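K.L.:
Let me give you the structure first, and then I'll get to my questions.
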Amino acid sequence: MTARTTSEEAVPSEGGTISRGGTSRRAALGRSPVTVTFALLIGLTVAALLRSGSTAITGQALLTGLIAGGVYSLLAMGLSLIFGVLDIVNFAHGAFLGVGLFVTYEVAHQTGLNPYIALPVAIVGLFVLGALIQLLLLNRTIGGSLERQLLITLGLSLLISNVLLLAFGGDPLSANLTSDPGVHVFGAVANLSRVIAFGAALVLAVLLYVLLERTSFGRAIRAVAASRQGAGLVGIDVRLVYVVTFGLGTACAGAAGMLIAPFTTITPTAGDQFNILAFVVVVMGGLGNVTGALVSGLIVGLVEQLGGVAIAGQSPLLGVFILFLLILLIRPQGIFGAKAP
Amino acid sequence: MTTTTAPPAPTPAPTRERAQSLKRSLLILVAIAAVAACAPFVLPESRQSIAIRVLIFAMMAIGWNLMSGYGGMFSFGHAAYFGIGAYTDTYLLVTFGWSPWLALVVGAALAALVAAGIGYVAFRYKLRSAYFALGTFAIAEMLRLLATNTKWVNGTTGYHVPLLPESSWTMLQFGANAAEYFYIGLAMVVVCMVVTLLYLRSRSGIYTVAIRDNEDAADALGISVMRVRLTTMALSAAITAAAGMFYAQYYTFVDPDTAFGSAQSVQAIAPAVIGGVATPWGPLVGALILGPLADLTVTWLRTPPAFLDFLTGRSGLDVVLYAILLIVIALVLPKGIVGSIQEWWKRR
Amino acid sequence: MSTSNPSGNVLEVRGVSKSFNGVHALADVDLDVPEGSIVGIIGPNGAGKTTFFNVVAGALRPDSGHVRLFGKDVTGLPPHRIAHAGMARTFQLMRPFGSMTARENVVAAALTRGGSHKDARLAADEVIDATGMAAWADATSDSLHTAALKRLELARVLAIRPRILLLDEVLAGLVPAERAPVVDLLARLREAEGLTLVFVEHIMQAVMKLSDTVVVFDRGRVIASGEPTEVVADPRVVEAYLGQELTGA
Amino acid sequence: MRARNFVSVIAAVGAGVALVSGCGQGGASGSSGDSKVIKIGTLHPMTGSNAGDGAQLQHGAELAVKKINDAGGIKALGGAKLELDAGDTKGTPDTGQSEAQRLVSDGAVALVGSYQSAVSANIAAVAERNKVPFVMDISGDDAILSHGYRYSFRLQPQNSRFGATAAQYIKDITKSKGRPVTKIAYLHEATAFGTGVYTAFKSEAQKLGLAMGPEITYDAASVSDLTTQIAKVKASGANILVVSGYYRDGVLAAKAVQTVKPKLDAVIGAADGAFDQPQFPTDAGSAANGYFDVNYHLNDKSAEAKAFADLYQAAYHDKARASAGFAYDSVRIIAAALERAGSKDPGKIRDAIAKTDLNPLSLSNGPVTFDEKGENTAGLPVLTQIQDGAPSVVYPDNLAAKTIVYPAPVQ
């Protein structure tokens, strides 16, 4: 991702450094990132098998890894639009997930019906909230400095979680399904609500892919991602694209909030834990590459669960961060290649 | 052969201060120190912890501003250096009984080494702005996870600095609320400011700003970009580690979350951005505003105005107000307080 | 392999080629620059002139070939090492240190020569006067227009006392009235300090007036070099510039 | 150009000093020397991830003050009224410390708090340096009182006692029900809390000859699915699962057990933050039925405890949790110490607290008595079980409100 320093596009930004040629080793490793990642997962699976000595546990780790990964992908796809395409470092993304959780709780609580009817409410509600925030606050920071944008989104995250605290209090809440049976897959098992969330992640990936690649508005989004000034010159209303794309990103977070509500304890700060993982997944998948975000979300879920079985005594997140740093250094465009430059 | 005029790019605040003679900057610093020195007499005793928080914020923001403001290397992981400073101090003190002043030297050197290592790898692989920030954030998180699961640094219990029967300058420990803490903290802030002012006027300091403005031009003019960047990062990390040591000595407690938690990284960024990035006085002014802000909102809301009565008994309002103020200041003053005052004065 | 300098050439380029995933920007380029001479480089857009500068000045690593500076092999050295070895370059698209004033830009460059801040400031003042920048020396460089920025690029490069200078279209963007003083300054530098100059330029009178020899690039190759009048008449050069049919008619 | 810089900085410094002293006034006016009011400082996580528990503790303390003031305040000090000066620790140690320091400087004669162990450890240091008594309503980590502090006291049993008692209760129950232990699997969160309870449980279990199965840990802050961990429990063949964790991960564990369905006689919490909470059955659904927890608990049968629960429901329209009762008792302990000491001097109050002899709301081996380290020796971990959607005491028998159902297989 070329750096967007504050200078306009015309003057070659610092990122347009005359690169002294990529180091040869990086090119070799970079050429086959998918195979390298796949090999890593195989290695981890074997290590988990050896350490746990049981196919049942390893099989369960694989299934839970995929399913948990689906949740990470759900959140990351929204962020891939915001951070990947709009280049906005949005540290309030977890808080938007929290809003989705509470919308689902409120709808299920008031109507007493199945929480899934809250899905459209969460999507539309979060779209409007996201669009308004971009329109009123973040549009002013386009092209501004990175640290200022970060501070504003951190402030937003603090604001949202504490407004939720004021409105709903700090006690944990839940929006359970009346029955959430286990779905058995080759001996491993996962709750129905988690499988539905996983399926929704696949559907969302397809929807976003079609939107970005097959619709005219999608083309406008990708144009703005490629060059804000260039898009403006060819008559794209850049500000409108920012507002709608940010809204789409938060709508994804709202959908993710609704989908994980049945198996998550709902508190005002519930979304914060997903923030940094979402950024990790977005960068790994390749900026703006929605399908990349889907697959790298699954990879992070697998590394976390398999790591938990294979390495005792250390937090599995450590493995995820090490993989993240390797990707940042050796394959900055992400495992699957960035759509945004 | 298109000729492109260099459009007036909105670069960070012009650094004409550097051309300002050093004497005048030091004069301003002495004036500020004098005004601040009388705080323990003006401030009611219960507010000393706020004054200390302002000093810690200031030290961290000065460190961060050097690397990310003047150096343009936006770091979102200054908690790593803060934590190294805090842990080195408590580990050496609790395990070997070292004086914090000695531990400060070791901690600062260690933090500088880590920063140089991070810098070397990052610039070797051309990590840029948002990626550099996410990379440094990941490293700080990894240090937090490592500290949490490492037995010889006491894992999540962390360290308690044992309470000494009487005050001691060598062990940097005094009675509760003792004014010595404030004066030592103030002295450390002044030292950090002097070091920054001197560094910015030094060869390496000038090169740092040159590299931020245009790396290729600096390289082509004979400036060794990597060496200068690593020096700046090392100095920035050392200052932040000093803040970590002072924090550990004042609160006599350190654990993985308070030392390496992302909240510390934000505490290094917020004052500098609010005060004015890449200005010498931005971090001080930002710390002075943000330090008391949280307590001010709590105190003001302890006797809430009528229209907020429906919220009585519910907590969180003070943080809501704090967040709103943070967002408004960051939005309204793009160049921060000092930057905007300069801008306004220039246009007057 | 640092031979002494028998040939008296300041800069020797042998068999340098550079391609970007298949596109041959430079193909087997040889070039010699005798001490104290002025070499003009001309050629149509995209002929590889700026790439040549980037390779010689160390910004780009050549795929093959050697660059020798004062007899010492500097191929692949980073730009700041080459600058210290005595060869400096300006950029086609100006690259000022935006947040600094013009004077501070020049002082920053002068500092790389070592010596105290005072020496650097004195050296800077000298160069500022020589390049006639004194009037706007204390304006921040991001507010300067093209002509001033060109002058600043030149001043910065001179402040590091190079023995050979690569100038990339230093006259571009200047109105005729502004060109004359720069051309005179370059000529004066060669006379007074024996500075060797290699400059890429599209303005032919300047090329003809200043160059001892002219080298013509086309599609990454050197297609002609020699006396200015001679080279300009060479049919291959005309063809490169004006294209095939016209000459054929 | 130069003057501007000077002006901009001095203007900002002036504003800053005004800001700092501004909130100074707010504090200063609070410490009015009026002898008719005795200030007690409370320190709970009013915001942050444990805001729910913080609110319960704060409400418990408020109810005690209201009850004592309505009954005429502190007789020995001319009916002086108690007044709570509330501090929000935000769940972080450094905020906890600066708030504690603020309350002490504003005239608090004693402190109550603070839920998170790391925060309480810091407040204990402040209390020691300022020589002001600090009564810990809820904070389990043994290490807090291992520094030889004289001014800190703890009402709830420390974590290691829950671990040891849990092993003891498992031994008793499996023997009396004739369901021998084949193997005990232990799932706990990885930090000092979970590891501390596990270590104490393991050493007691080995003494009692109970077979210990796998020790499975997880990172409470980032975990979102415990299914793999429960698969390890199923594979281990253990017939009892012991869990030590916080609320959120407790709910995840219950749902994972319901999904994976390991063959277990019982799931037993040891100082677990979820399995004895009133809202656990609603959040975990049917998965919660039959779950045990060895933890502190209010004496549901005592009149005072019933009165407290009704008072709490009336005032806050929410079910009182055991933790609220401990905050209530902490304030009563300080009030009793004020009566015994007959003075507002924190040093005298500390000595009076050391001689506390008060019947608590919680289940206990007799009245509250503090040993020289400050631990409440009468503190009694009891075994509760979720029956008909609510946690009730089932062991030891003399305190049982409901008869134990054992084995309690996973539904």
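Placed from the backbone N, Cα and C atoms, the Cβ positions cover glycine too.
OK, TrEMBL features for this one:
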type: TRANSMEM; residues: B:26-44; note: transmembrane segment
type: TRANSMEM; residues: B:50-67; note: transmembrane segment
type: TRANSMEM; residues: B:79-98; note: transmembrane segment
type: TRANSMEM; residues: B:104-123; note: transmembrane segment
type: TRANSMEM; residues: B:130-147; note: transmembrane segment
type: TRANSMEM; residues: B:181-200; note: transmembrane segment
type: TRANSMEM; residues: B:230-250; note: transmembrane segment
type: TRANSMEM; residues: B:319-338; note: transmembrane segment
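I'd like to know what surrounds each of these features in this structure.
P.N.:
With a cut-off of 8 Å between Cβ atoms, the residues of this chain six or more beyond the transmembrane segment (B:50-67) that come close are 39-40, 43, 73, 75, 78, 81-82, 115, 181-182, 185-186, 188-189, 192-193, 196, 199, 232-233, 235-240, 242-243, 246-247, 250, 264, 267-272, 275, 277-278, 282-284, 286-288, 290-292, 295.
Same-chain residues lying 6 or more positions outside the transmembrane segment (B:104-123) and placing a CB less than 8 Å from one of its CB atoms are 67, 73, 80-81, 84-89, 92, 132, 135-136, 139, 225-226, 229-230, 233-242, 244-245.
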K.L.:
For the transmembrane segment (B:130-147), what are the same-chain contacts with Cβ under 8 Å, counting residues 6+ beyond its ends?
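P.N.:
Tertiary neighbours of the transmembrane segment (B:130-147) are 73-80, 83-84, 87, 118, 122, 153, 155, 256-257, 259-262, 265.
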K.L.:
For the transmembrane segment (B:26-44) and the transmembrane segment (B:181-200), decide whether they are in contact, meaning at least 3 CB pairs lie under 8 A, counting pairs 6 or more apart in sequence.
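P.N.:
By the criterion, they touch.
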K.L.:
Going through B:79-98, B:181-200, B:319-338 one by one, which has the most CB pairs that fall under 8 Å from the transmembrane segment (B:230-250)?
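P.N.:
It is B:79-98, which has the most Cβ pairs under 8 Å.
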K.L.:
In the same chain, which residue numbers or ranges, 6 or more beyond the ends of the transmembrane segment (B:319-338), come under 8 angstroms Cβ to Cβ?
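P.N.:
Answer is 12-13, 270, 272-277, 279, 281-282, 285-286, 289-290, 293-294, 297, 300-301.
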